[in-house]
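Lifted from Swiss-Prot, the feature list:
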type     : residues : note
DISULFID : C2-C12   : disulfide bond
DISULFID : C3-C10   : disulfide bond
DISULFID : C8-C13   : disulfide bond
MOD_RES  : P11      : 4-hydroxyproline
Amino acid sequence: KCCMRPICTCPCCIG
């Protein structure tokens, strides 16, 4: 999952 990466640009991380 991209949310697990150091730099996250996914909607699930941004809110």
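Including glycine, each Cβ sits where the backbone N, Cα and C put it.
Overlay of Swiss-Prot annotations on the structure.
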| residue | record | DSSP (3 states) |
| --- | --- | --- |
| C3 | disulfide bond | helix |
| C8 | disulfide bond | coil |
| C13 | disulfide bond | helix |
Roughly how many angstrom lie between the C-alpha atoms of C3 (disulfide bond) and C13 (disulfide bond)?
6
